[in-house]
Each structure stands twice: as C-alpha cells, then as structure tokens.
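According to TrEMBL, the protein carries these features:
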type	residues	note
DOMAIN	A:143-206	domain 'CBS'
DOMAIN	A:207-265	domain 'CBS'
TRANSMEM	A:290-309	transmembrane segment
TRANSMEM	A:315-342	transmembrane segment
TRANSMEM	A:363-386	transmembrane segment
TRANSMEM	A:392-416	transmembrane segment
TRANSMEM	A:428-451	transmembrane segment
Number of protein chains: 2
Amino acid sequence: MPETFEQDYTLQQLKQVTKALNSGQFVQVRRMLAETAPCDTALLLESSPHKIRTLLWQLVDPDIQGDILEELSEDVRLGIIAQMEPELIAAATEDMDDDDLGEVLRSLPEPVYQDVLSAMDTTDRQRATQALSYQERTAGALMNSDTVTIRPDVSLDVVLRYLRLKGELPDGTDDLYVVDKDNCFLGSLPLSTLLTNSPDKIVRDLMDLEKEAIPISMDESDVAQLFERHNWISAPVVDDNKHLLGRITIDDIVDVIREDAEHSLMSMAGLDDEEDTFAPVMKSSQRRSIWLGINLLTALLAAFVASFFEGTLDLLPILAVLNGIVPSMGGVAGSQTLTLVIRGIALGHINSANQRFILGKELAIGALNGLLWSVLIAGVIAIWQWDFKLGAVIAFAMFMNLLAAGIAGASVPLILKRLKIDPALAGSVVLTTVTDIVGIFAFLGTATWFLV
Amino acid sequence: MPETFEQDYTLQQLKQVTKALNSGQFVQVRRMLAETAPCDTALLLESSPHKIRTLLWQLVDPDIQGDILEELSEDVRLGIIAQMEPELIAAATEDMDDDDLGEVLRSLPEPVYQDVLSAMDTTDRQRATQALSYQERTAGALMNSDTVTIRPDVSLDVVLRYLRLKGELPDGTDDLYVVDKDNCFLGSLPLSTLLTNSPDKIVRDLMDLEKEAIPISMDESDVAQLFERHNWISAPVVDDNKHLLGRITIDDIVDVIREDAEHSLMSMAGLDDEEDTFAPVMKSSQRRSIWLGINLLTALLAAFVASFFEGTLDLLPILAVLNGIVPSMGGVAGSQTLTLVIRGIALGHINSANQRFILGKELAIGALNGLLWSVLIAGVIAIWQWDFKLGAVIAFAMFMNLLAAGIAGASVPLILKRLKIDPALAGSVVLTTVTDIVGIFAFLGTATWFLV
C-alpha cells in the first residue's frame with residue numbers, strides 16, 4: 001500500500017514530535033499536540049513506541065483526552081488507561097459515547113473501576129452502569145441512547161418546528177424514530193422523507209415500516225452483516241417488548257467489520273486481534289510463546305513419527321534430505337483450503353447445506369494438484385538423484401499428502417466450528433499436524449516398504 | 001461465529017431452492033426468487049455451487065437482475081455476467097450506480113464490452129464511458145454523480161422548497177453540496193443544519209467549510225482511511241480545479257475496508273482476495289498451483305542445502321529425525337512477526353520513522369523466545385535421546401533460527417514494500433525460505449562440526 005498523504009502527515013509529525021521529545025522541548029510538544037485533531041493524535045500514539053507513547057499522553061490536554069481515547073484501538077487504549085488516575089479517567093470519559101464508555105469501563109480492573117465510578121457525577125454514573133449492563137459484543141454494547149423520537153400522529157410541520165427548537169441532531173442521524181406513548185418502536189421517518197414531503201402530511205402516513213429494529217442481544221457480527229447487506233447508516237435497537245433503547249451508527253459498525261476481517265488473519269498466526277504493534281517486548285513474547293509451545297509439541301510429534309523410520313533413514317540418508325518436501329507442500333495446499341473455508345464461514349457462505357459440496361470440491365482440487373506436482377517432483381528427483389524408484393515413491397507420497405491436505409483443510413474448520421472452537425485460532429495447528437504426519441508416513445513408509 | 005437468523009434464513013431458502021431445483025420445480029423456484037430481496041438472493045447465489053448458481057440465475061426475473069448484480073461479490077458477479085447476453089447485461093446495468101456500472105464494464109472482455117455499449121441507450125452509454133474514464137481503485141471509480149447541489153446565496157426556506165419539489169433524495173444523502181455558478185465546490189450543508197436552523201438563514205452563513213473534498217485520483221484505500229477516521233457518511237469528489245464531480249458514500253467504503261482487510265489474509269495463503277469459494281475446480285486449482293509451484297522450489301532449495309550434509313546424516317540418522325523441528329519453529333515465529341508488521345503497514349502505523357524500533361523489538365522477542373525454547377528443546381532431546389551434546393546442538397540451532405525469524409519477519413515486509421512488492425503476497429514465501437535454510441544450516445552445520 002502506498003503511504004497516503006495522511007500517513008505522510010503523521011509521519012512528519014511523528015518525526016518532529018520525537019525530535020522535540022528527545023531534545024526535551026516538552027512545552028513545544030504540548031503545543032503541537034494541542035493543534036492536532038484527536039484522530040491524528042490517536043494515529044500518532046498508535047504509531048509510537050511504548051515509552052514515547054506514555055510521555056506523549058502526559059503532554060495531551062486533559063480536556064481532549066476523552067476524544068482521543070475514543071479514536072484509539074482497544075489494546076493501545078487499555079495500555080494508556082492503565083496508567084491514568086481514576087479521577088482523570090472519569091473526567092476523560094465524561095463526553096464519551098455510551099458504547100465507548102462501556103468498552104473502557106469493562107477493561108478496568110475491579111478496584112480501579114469502582115474508584116472511577118465514584119469519581120463520576122450521578123448522571124454519568126447512571127449512564128455508565130446502564131452501558132455496562134449490556135453484554136459485550138452484542139447490539140447493546142454498540143448502542144448509543146442519543147435517539148430523536150417523534151409521535152406518529154403529528155404533522156411534518158410540527159416535527160420541523162420541534163427540530164429547530166432542539167437546535168442540533170446527533171452525529172449520523174438519518175432517521176427519526178416513531179414511538180408510541182410507551183416508547184414502543186413503531187417505525188422510522190428518514191430525514192429525506194421529512195425534507196421531500198409537504199409539511200401538512202402526517203408522520204404515520206409516511207413512516208418507514210420496512211426497516212426492522214435490532215434486538216438488544218443480537219451478536220455484533222450479525223448486526224454488522226445487516227448493516228452491510230442493507231446499506232444502513234443507523235438502526236434502532238429495541239428490547240424484547242419492542243421498547244426503543246437506542247441506536248447503532250455505521251461508524252461503530254465499520255470497526256466491527258474491520259475487527260472481524262482482521263480476526264482470521266491475526267488468529268491464524270496465533271496473535272490477538274487487537275495486538276498492539278508497539279507493545280512492550282515481554283508482553284508480546286508471552287502472548288506469542290503459547291503458540292510456539294503448541295507448535296513445538298506438533299513438531300516433536302512429527303519427529304517421533306519419523307523416529308519409527310530411523311532404520312530406513314540409516315540405510316538411505318537421501319530420504320532425510322528429501323523428507324521436508326512432501327510435508328511442506330501439504331502444509332501450503334492445506335492452508336490455502338483452510339483460509340478459503342474459514343473466510344467462507346465468516347461471510348456466511350458456507351453452511352450445513354453446502355459443506356459436503358465444499359469437501360468434494362477441495363478433494364478434487366487436492367487430487368488435481370496432487371497429480372500435477374507428483375509427476376513434476378518425480379521427474380525432478382529421478383533426474384537429480386538418477387533414481388526412478390525414489391521418484392515414484394516421493395510422487396506417491398506427494399499425491400497422498402495433497403489429497404489429505406484437501407480433506408483436512410476443508411473438514412477441520414467445519415468440525416472445529418461444530419465443536420464451538422474458533423477455526424481461525426486452532427485450524428492451522430491441527431492442519432499442519434495432519435499434513436506433517438501424513439507426509440512423513442507416506443514418504444518414509446512407502447520408501448521402507450518399496451526401497452529397503 | 002454462530003449462524004445468524006439471517007444466515008439460517010438463507011440456509012433454509014438454499015435447502016428449499018436446491019430441493020425444488022433437483023425435483024425440477026422451476027416455476028416454484030422462480031416464484032421463490034421473485035419474493036426474495038436482492039441482497040438475500042445475492043447471498044443465496046454466493047452460497048451456491050457453480051452449477052446451481054447458473055441455473056438459479058436463469059430463473060431470476062430480468063428486471064431485478066441489476067439490483068442483484070450490484071450486491072454480488074466481484075468474482076461471483078463476473079462468473080455470472082460471463083454467461084449473459086450483451087442485451088441482457090445492458091438492461092441489467094440500466095439502474096446501476098455509476099461505480100458498479102464501471103466495475104462491471106471493466107470486467108468484460110473487449111468485444112462483449114463493445115456489444116454491451118451499443119446495446120445501451122445514449123444516456124447510459126455516456127454514463128458508462130464517463131464511469132470508465134476514471135482509474136480503477138481510485139476515488140473516481142467509487143464515485144456516484146447523484147449529488148444534490150445548492151447555491152450559497154439562497155435561504156434555507158428556498159432549499160426546503162427546492163427539496164420538496166425534487167420529491168426524493170439519493171440514498172445516503174447527509175449533506176447538500178454548495179457550489180458556485182461554475183459548479184466549483186464551496187462547502188457542504190448537512191441536512192441536520194438545514195433542519196435545525198430557521199428558514200430565513202442564508203446557506204453561505206451555515207455551510208460547513210471544514211470537510212475537505214476528495215481529489216478524483218486519490219487511492220481508494222486512502223479515501224477509506226479518511227472516512228473511517230472522520231466518521232463520514234458521504235464525501236464530495238472534485239477534480240483538480242475544484243469542480244464537483246460526484247460523491248462517495250459509506251456503503252462503498254465498507255466494501256473497500258473489508259477487501260483491504262481480507263487482502264492480507266488471502267494473499268498470505270496465495271489466494272485472490274475475491275476468490276469465489278464455489279468457483280469451478282479447474283479455475284481454483286490453477287490459481288493455487290502457482291503458489292504451490294513457488295513453494296516446491298523453496299522446498300527443493302531446502303533439500304539441496306540438506307544434501308550438503310548427507311554424510312553427516314549417514315553417520316547420525318537421528319539428525320534426520322529431528323531435522324524438521326528447528327525450521328518449523330522458525331517458520332511459526334517468523335510468520336507471527338510478519339503478520340504483525342504487514343498489518344501495521346496496512347494500518348499506517350509502521351513507517352520510516354519507527355521501523356528501526358520495530359526491528360529492534362522483534363529481534364528482542366526472537367532472542368527471548370529463542371532462549372526459552374532452546375532450553376526446553378535441549379531438555380526434551382537430552383532426556384528422549386539421552387544425548388546432552390545433541391541437546392546442546394539443537395538448542396543452539398533453535399536460538400539462531402528464532403533470532404533469524406525475528407529479523408526476517410520484520411525486515412522482509414519493509415524491504416518488499418520499498419521494492420513496491422506487496423508484502424502480503426510475497427512475504428511468507430521469502431520468510432519461510434529464510435527460516436528453512438537458516439534452520440537446516442544451523443542444525444546440521446553445528447552437528448557436523450560438533451558431533452561428527
């Protein structure tokens with residue numbers, strides 16, 4: 001990706017700020033930060049090594065700390081909040097949206113969280129406890145209470161006068177919500193409808209009944225899918241009795257979509273979705289070593305399998321030289337299938353109705369590629385080692401392993417999903433274990449039986 | 001991810017439709033499809049094996065084919081269009097947004113494309129040629145011409161009456177654009193401002209001058225970043241002389257964000273971003289075999305390196321058994337770093353100002369993990385094989401390779417980026433080649449020097 005002018009902009013800032021910091025010109029840095037937009041300061045913090053980040057934060061004007069916290073990615077935000085005084089956290093969260101407020105508070109350790117709550121004024125404390133009452137990763141946790149509601153029996157003219165009286169609308173307002181006297185959601189009145197119809201029309205006759213309200217407990221990924229498929233800008237959220245509780249706006253959905261899309265990438269490498277590129281070394285290495293530990297076990301398992309054939313390897317050391325080829329090819333072919341299936345599941349394309357088809361298709365691809373590459377490798381080895389039997393052996397092993405890779409790559413994620421285990425997280429370990437072991441067995445086994 | 005009610009819904013449909021198709025009840029299927037919303041039909045097509053998909057499409061009412069094409073992912077859309085008659089394509093693209101129209105036409109082979117153009121009426125043909133004049137993956141290609149423009153010197157009351165006369169607003173309209181008589185962009189008037197101010201106010205005094213217009217040639221990823229950071233719903237697009245050309249809406253941006261986020265995942269496995277899960281076997285296996293071919297070369301290279309040590313392997317077959325462990329650990333550690341750095345570059349967090357820091361950090365993590373795992377593997381091998389020298393050898397190799405993995409994982413993507421090669425696409429091959437060869441050299445080399 002080419003660096004954007006925005007990134008160049010931040011890049012220059014970062015250099016200037018770092019320079020100023022190193023030469024101890026804190027006053028200047030403070031001024032520079034005061035002149036920067038919250039979203040740019042956020043990017044600046046996210047792009048700064050841990051030490052510099054901490055220093056920078058202390059130079060940020062407390063009045064805008066809240067706005068910046070809202071823009072920060074979760075992992076970075078938590079790192080910063082962990083170092084803030086409860087009073088300052090309370091102050092910073094004052095004008096935060098409900099959803100961000102909830103996210104911040106959830107991330108605090110119990111004692112700190114209590115201190116923060118008690119440092120808040122009553123209204124904020126109520127808002128906070130309310131926001132916390134909804135489950136994480138649900139519509140409730142994405143929701144804001146800043147809805148503009150109207151009654152069905154009034155005329156557009158009344159609505160227009162009401163809005164002028166109100167003076168301003170919350171960001172991302174594209175619909176007004178029509179509710180009855182019990183605050184039950186009846187429908188929505190798009191601003192465009194309000195603006196393009198004569199003022200004497202009645203709301204009830206114009207309101208949109210198509211757009212369904214989102215149940216408070218719906219999973220955030222499902223909410224995102226609804227937004228994406230229906231091109232919504234905002235949507236109302238209701239409880240089980242259809243009472244209007246708040247609304248979700250597209251900007252929060254964009255974050256969900258990015259996180260979901262990144263989840264597979266990060267998990268497949270054994271990383272946290274939100275892992276901070278600039279986290280302290282200790283923290284990062286701890287997180288990653290879990291994955292390395294699991295991989296060591298599978299590698300040892302593979303070695304253990306190979307050890308059955310130590311006799312064969314003793315007789316034919318060339319096998320040891322070539323032993324890595326078949327497993328490696330199986331690993332690549334398998335992870336291609338795995339990646340595709342994991343993505344298919346995430347997008348909702350793969351389901352119990354068509355998974356048998358997927359299995360068949362990937363099996364066919366495995367067979368096709370198996371044929372192609374086994375012929376090729378046979379030729380290469382036959383010429384390199386001038387040993388046609390050896391060529392035949394490795395060709396057979398290659399074919400078997402690419403077949404196994406196709407089956408495993410397609411079935412492992414589907415099985416894991418049924419077991420309620422995240423395929424993106426566990427898939428690649430299970431897969432490589434299969435392809436390694438099948439590969440070694442197929443190659444050394446056939447060799448033992450055929451060459452020795 | 002749990003299957004959403006939407007997915008369950010589609011799942012049931014898919015089963016019903018498939019059942020109806022298999023029992024040849026085409027009339028019934030046609031009716032079912034007529035009752036389904038375009039976005040649901042799109043998901044249904046995307047979730048269907050290739051054959052069924054083709055059949056289904058023939059049963060879709062031509063009048064809504066355009067709406068469905070707009071909802072389809074690129075790869076699936078192209079597959080379907082490839083089988084359509086030019087006249088039908090022309091008809092289907094009639095009410096398409098400019099950006100989708102452009103995307104569809106770009107995907108057509110030259111002759112077909114000419115036929116489609118000549119099958120269009122004059123206005124559509126102009127719209128098409130216009131849409132095609134903008135470069136792919138730029139603001140121009142994302143843009144629609146459906147802007148609502150007003151003059152700065154009129155009162156809000158005039159604007160309100162104009163809108164009522166107009167009768168309706170394009171989807172996702174949150175701003176009216178203020179232009180002078182030469183159609184130069186002056187600023188935007190948010191609908192919320194229009195609704196919350198008294199009708200006698202003048203546009204010029206209320207219009208928003210903050211929101212910068214997007215230059216037509218800006219890269220789509222940069223546009224997406226602007227939208228995401230500033231929480232825009234729509235934004236005006238201008239040419240070099242500030243003439244208003246159109247606007248970009250958040251729904252198109254969401255697609256860009258998803259594609260960019262998925263790009264890394266898919267490329268790292270050697271797949272096309274848009275690869276269709278249900279593409280025909282031949283098509284898929286061709287795409288993937290390129291990657292397998294490259295991997296075979298690196299595997300052969302590794303085998304070639306190992307062949308230098310055939311003598312050693314002959315003397316100590318146990319080395320052959322353990323030979324896979326060190327490279328595999330290096331591969332995992334390296335791809336963790338690689339993934340993190342690639343993501344950091346994509347998010348604009350990593351740049352020339354802090355890349356040295358990243359290198360240092362990943363080197364430190366490599367050393368730390370190297371220490372941990374070399375001690376562990378030494379213990380395991382010493383006990384398993386009751387050979388402490390061998391344990392020391394593998395420990396040393398492990399440490400060296402994890403160090404190499406850290407350096408390569410961080411530097412390879414940065415170097416590739418400087419060479420204008422996509423790190424996500426080429427990174428993992430280069431990396432595993434490094435970790436394989438360093439791993440084999442370190443292990444077998446030390447063994448030869450130390451044990452033989």
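Glycine residues also receive a Cβ, built from the backbone N, Cα and C atoms like all the rest.
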Among A:315-342, A:363-386, A:392-416, A:428-451, which stretch has the most Cβ pairs under 8 Å to the transmembrane segment (A:290-309)?
A:428-451
Within the domain 'CBS' (A:207-265), what mean pLDDT does the predicted structure show?
90
Mind tallying the domain 'CBS' (A:207-265) by DSSP state, helix then strand then coil?
27 helix, 16 strand, 16 coil
Intrachain residues whose Cβ lies under 8 Å of the transmembrane segment (A:428-451), provided they are six or more past its termini:
268, 294-295, 298-299, 301-302, 305-306, 308-309, 311-313, 316, 319, 322-323, 326-327, 329-331, 333-335, 338, 389-390, 392-394, 396-397, 400-401, 404-405, 408-409, 412, 416
With DSSP helix as H/G/I and strand as E/B, how many residues of the domain 'CBS' (A:143-206) fall in helix, strand and coil?
21 helix, 17 strand, 26 coil
